[in-house]
Amino acid sequence: MKLLLVIFIVHTIFIPCFSFDVSGKDLPLTLDYYKSTCPTVFDVIKKEMECIVKEDPRNAAIIIRLHFHDCFVQGCDGSVLLDETESLKGEKSASPNINSLKGYKIIDRIKNIIESECPGVVSCADLLTISARDATILVGGPYWDVPVGRKDSKTASYALATTNLPTPDEGLVSIIAKFYYQGLSVEDMVALIGAHTIGMAQCRNFRSRIYGDFRVTTALNPVSAAYLARLQEICPEKSGEGDRNVTAMDNVTPNLFDNSIYHTLLRGEGLLSSDQAMYTSMFGIQTRRIVSKYAEDPLAFFEQFSKSMVKMGNILNSKSLVDGEVRRNCRFVNT
């Protein structure tokens, strides 16, 4: 794979630009898929995402997470966007998504604009993939080229949404297996989880961590103890109390896409058990080395994150490629 690294300066912020060779006989996606049918699609999405992230920087993490949850369930096919109907059991109500996954209205907003310019052309799956890239850039992360040409699925899978997605308290070996199942390596996993540098977590997803081994992994550091006390104020120990209270997974630069999350793990302060396990688990020999590398070298993290996002975005639903569609409304199959 050929890599070109260029540094652009935008408003005095350095944005690494990574361009990869995405050609290949087995890859039906191309960079110029919409060149003749909807040449403004990238500009339209970029402009709207600029407004959306300006309105609330947390929207960047919301869209990246939505893309991840889409791709890990029957491929990047927009299935996560489908509402439930009498004949379709959607993914939105699956345990990893319900009451936590957001961003559907953001996608609706962008889709309406695109449909007014290029009706019936741009798939919701492509729209979400491009939006995730732009969201990353807008909070200081790297640029990468997005191959397009995905089709929207006509189905969703509640069952796969329940089983395929990693959970906050899941063991490291199990999470690695879930990434391998998607064709993603350990290096991809550690890089992609780096998106938590701009993420938020609900109390119910980190309660077991802060009332569990947090003091152990931080080696009773007094500074970490003060941080832990703040977390316990946000999240009471009793289950059911404050379950949906939220806090940033990166407590240093929560609205900036950087490598700070890896420094958090080195300090033993990872908010989610699944994140901290990458550095402190007895099974984390390889992941520990990668976490340390990204903590030391932010450009190495940015480069791998870009590669891994392209790789994840290329997880396709083979059935949708054959009989998929371009939904007019991302929430419903065309009738």
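Placement of Cβ uses the backbone N, Cα and C atoms for every residue, glycine included.
Features of the protein shown, as given by TrEMBL:
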{"type": "DOMAIN", "residues": "28-334", "note": "domain 'Plant heme peroxidase family profile'"}
{"type": "ACT_SITE", "residues": "His69", "note": "active site, proton acceptor"}
{"type": "BINDING", "residues": "Asp70, Val73, Gly75, Asp77, Ser79, Glu91", "note": "Ca(2+) 1 binding site"}
{"type": "BINDING", "residues": "Thr197, Asp250, Thr253, Asp258", "note": "Ca(2+) 2 binding site"}
Shortest C-alpha distance to Asp250 (Ca(2+) 2 binding site) - which of the recorded positions His69, Asp70, Val73, Gly75: His69
Cα proximity to Thr197 (Ca(2+) 2 binding site), best match among recorded positions His69, Val73, Asp77, Ser79: His69
List of residues, in chain order, with Cβ under 8 A from that of Asp70 (Ca(2+) 1 binding site) and at least 6 apart: Cys76, Asp77, Gly78, Ser79, Val80, Leu81, Ala125, Leu128
Greatest C-beta neighbour count within 10 angstroms, which of the binding-site residues Asp77, Glu91, Asp250, Asp258: Asp77
Between Gly75 (Ca(2+) 1 binding site) and Asp258 (Ca(2+) 2 binding site), the C-alpha gap once rounded to whole angstrom: 27
Around the Cβ of Val73 (Ca(2+) 1 binding site), the count of other Cβ atoms that are within 10 Å: 29
Residue from Glu91, Thr253, Asp258 whose C-alpha is spatially nearest that of His69 (active site, proton acceptor), among the binding-site residues: Glu91
Protein Cβ atoms within 10 Å of Thr253 (Ca(2+) 2 binding site), excluding its own: 17
Densest Cβ neighbourhood among His69, Gly75, Thr197 (recorded positions), 10 Å radius: Thr197
Local confidence of the prediction over the domain 'Plant heme peroxidase family profile' (28-334), expressed as mean pLDDT: 97
Rounded to the nearest Å - Cα separation of Glu91 (Ca(2+) 1 binding site) and Thr253 (Ca(2+) 2 binding site): 31
Val73 (Ca(2+) 1 binding site) versus Thr253 (Ca(2+) 2 binding site) - Cα distance in angstrom: 30
Distance, Val73 (Ca(2+) 1 binding site) to Asp258 (Ca(2+) 2 binding site) (CA atoms, angstrom): 27
